[in-house]
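**Q** Just passing along the structure, written as structure tokens.
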Amino acid sequence: MSLLFSRCNSIVTVKKNKRHMAEVNASPLKHFVTAKKKINGIFEQLGAYIQESATFLEDTYRNAELDPVTTEEQVLDVKGYLSKVRGISEVLARRHMKVAFFGRTSNGKSTVINAMLWDKVLPSGIGHTTNCFLRVEGTDGHEAFLLTEGSEEKRSAKTVNQLAHALHQDKQLHAGSLVSVMWPNSKCPLLKDDLVLMDSPGIDVTTELDSWIDKFCLDADVFVLVANSESTLMQTEKHFFHKVSERLSRPNIFILNNRWDASASEPEYMEEVRRQHMERCTSFLVDELGVVDRSQAGDRIFFVSAKEVLNARIQKAQGMPEGGGALAEGFQVRMFEFQNFERRFEECISQSAVKTKFEQHTVRAKQIAEAVRLIMDSLHMAAREQQVYCEEMREERQDRLKFIDKQLELLAQDYKLRIKQITEEVERQVSTAMAEEIRRLSVLVDDYQMDFHPSPVVLKVYKNELHRHIEEGLGRNMSDRCSTAITNSLQTMQQDMIDGLKPLLPVSVRSQIDMLVPRQCFSLNYDLNCDKLCADFQEDIEFHFSLGWTMLVNRFLGPKNSRRALMGYNDQVQRPIPLTPANPSMPPLPQGSLTQEEFMVSMVTGLASLTSRTSMGILVVGGVVWKAVGWRLIALSFGLYGLLYVYERLTWTTKAKERAFKRQFVEHASEKLQLVISYTGSNCSHQVQQELSGTFAHLCQQVDVTRENLEQEIAAMNKKIEVLDSLQSKAKLLRNKAGWLDSELNMFTHQYLQPSR
């Protein structure tokens, strides 16, 4: 593909060169025209390129999302280059080839110009002398007009006579004045090729040669000294060109020995005179001025008759033979000499004008293109370095994000397990401590001091205060046993969480973690609710004789079985005999098998049933005992029994009732509290779990904020990298475009500025 592109470029270049050579062969002046068109096109492209570069640099400089990749100085430099290129483009658009004709008065300067233009454009001949500088250039219009110096007024000059009359009537014109003669291009083809012809007054009529040179000669590409072949070069003519040579480096000077047709009258002296003129002119150009080599001097000195050439060309333009009329001998030779001068002049001025008008600007354009290319290369490198840095930062943040996610997952699993272990340990500690406190409940109840009275109203208040005392005492004792250890364990776990998650947070947040994570003073709430728990407690503070029938049965059988025995019924349910044993390896139990307790209940129940059936049973038993021990022992027993009854009855005071009440309450409360041991342990473990989970949740919230910040930074980095990548592409494109413009300038230099080999 690159080979094909290279071949295409080569073909295009060859075609351009061929077209260029064809134009040059057609007219040497086309060389300047094509060069001007080419350089103007290059500067137009250069201006558009610098405008694009300036806009790009300014937008990049003002992009707040980017770190600086260009400087304000670079932006101002490129804007300065833009103004310079625009100024040069305006100058190039006005550039043209300029030839200045100088010589003594009436040497035929205007006639030479008219002969070159194939028409009587400037007044010449007898009675007409040029009294100011005349600048002849083409115009696209169809009417000729004059422009005087310092005025935009167009003065009509349709014919040479009108022009001559206008010039002589204007009294303000002096030798140093400039009048522009704008002549239609359609009438003079030579003017189409950006050629300006400068006619001048005779250099022998003024002493203001220095001001003439400064004003009219510094931008001239070729100087033509029109000399009179009937005399030698005058010192005035030499002096003027010495001054020109001092102000300009190696000016292009042609010497026309005009009126050479006069030599035809003396043919025997023609060659001798020609040789003398050639030697003197060559010596002047080579030895005195040093503007050409001796080998090149022959191409700068010509012997012509401008009047003959002008007349011949006017006749040819009118359709008549150019050799018609009375012509001196040797006309064709002099015509050929004039044509040879024109050819050499055109070649010289086109080469010289291209070099003097375009070379400096071409060099400046190359410098500007190179400067902008270096700026674009600098921007490209800065953007590339910043992109690499952003990619490293993005990768670092991505790694950080992955580390946080992985570490958070591991820590969550670890802390979940540890929280479970701590809650189980808390439940075990609370359950153990509560069981021990229940066993010591009687001590706590005995510590309760309040006036006791068996009336229902006082008992209700007594119970409520006892409930409060029990709940506060149990809570205090449980707190002394468990809270300190549990709180220490919880705080240790919280600190471990903070230490574990702190590395996942930014450095700026780590020092503020204690303020970001709320850590309130934790205390266990045991929530025993003794008033509700013991709401069904029913005290029994009525007097009961210790050896009474009810108390004895209650003592031996317990409250439940004594009630069954005293009520006189048997609620025993006969066990059915299964058809098949539940366990084939074990034989079925016999139907009459009873436990020892059931056997005792059955005996006493039977006895009670017997005594309840008939009062005769008492007499029978009493008679049996009477016969066995005697009446004295029976009387003594009844006496002691009665004394014991009286004693217990007398000692059944309010204090005794209070002790009975507290004993009954301890038994009832112990039974109820045993039922809530598991619940209380679970409740405390749940409180610890909630506290630890809340701490971990707050820490995770801070980690989530860090993750969100990292994700936002990664997204910003991605956007920034995308912008930087676009900047690099644009900067690279503009850098390469500068290289392309440089190659265009090099091609222009090779085609138009380097001398042909």
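Just so you know, glycine gets a Cβ as well, placed from its N, Cα and C.
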**Q** Write down the single range among 258-261, 394-397, 590-593, 754-757 that appears in Swiss-Prot as region 'G4 motif'.
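**A** In Swiss-Prot, residues 258-261 carry the label region 'G4 motif'.
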**Q** Under 8 Å Cβ-Cβ from Gly108 (GTP binding site), six or more apart in the same chain: what's there?
**A** Ser124, Val226, Asn228, Asn258, Arg259, Ala306, Lys307
**Q** If we skip the immediate neighbours and take only residues 6+ beyond the ends of the region 'G3 motif' (199-202), which ones have a Cβ under 8 Å from one of its Cβ atoms?
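**A** Contacts of the region 'G3 motif' (199-202) (Cβ under 8 Å, skipping residues fewer than 6 from its ends): 100-107, 109-110, 113, 122, 129-136, 175, 212, 216.
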**Q** Using Cβ atoms and a strict cutoff of less than 8 Å, what residues sit near the region 'G1 motif' (103-110) while being 6 or more residues removed from its termini?
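**A** Here the qualifying positions are 122-124, 128-130, 134, 199-205, 225-228, 234, 236-237, 258-259, 306-307.
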**Q** Which residues of the same chain, at least 6 past either end of the coiled coil (695-738), have a Cβ under 8 Å from a Cβ in it?
**A** 49, 52-53, 56, 60, 63, 65-66, 69, 369-370, 372-373, 376-377, 379-380, 383-384, 386-387, 390-391, 393-394, 397-398, 400-401, 404-405, 408, 412, 415, 419, 494, 497-498, 501, 504-506, 509, 513, 516-519
**Q** I need the nearest neighbour of Thr111 (phosphothreonine) among the recorded positions Trp260, Ser305, Ser442, using C-alpha distances.
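**A** For Thr111 (phosphothreonine), the spatially nearest of the recorded positions is Ser305.
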**Q** For Ser106 (GTP binding site) and Ser442 (phosphoserine), what Cα-Cα distance in Å is obtained after rounding to a whole number?
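**A** Here the two Cα atoms are 154 Å apart.
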**Q** Under the DSSP assignment, what numbers of helix, strand and coil residues are found in the region 'G1 motif' (103-110)?
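**A** Split by secondary structure, the region 'G1 motif' (103-110) comes out as 2 helix, 0 strand, 6 coil.
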**Q** Look up Ser305 (GTP binding site) in the DSSP assignment and reduce it to helix, strand or coil.
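**A** It is coil.
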**Q** For Ser442 (phosphoserine), identify the closest of the binding-site residues Ser110, Trp260, Ser305, judging by Cα separation.
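**A** Result: the closest of the binding-site residues to Ser442 (phosphoserine) is Ser110.
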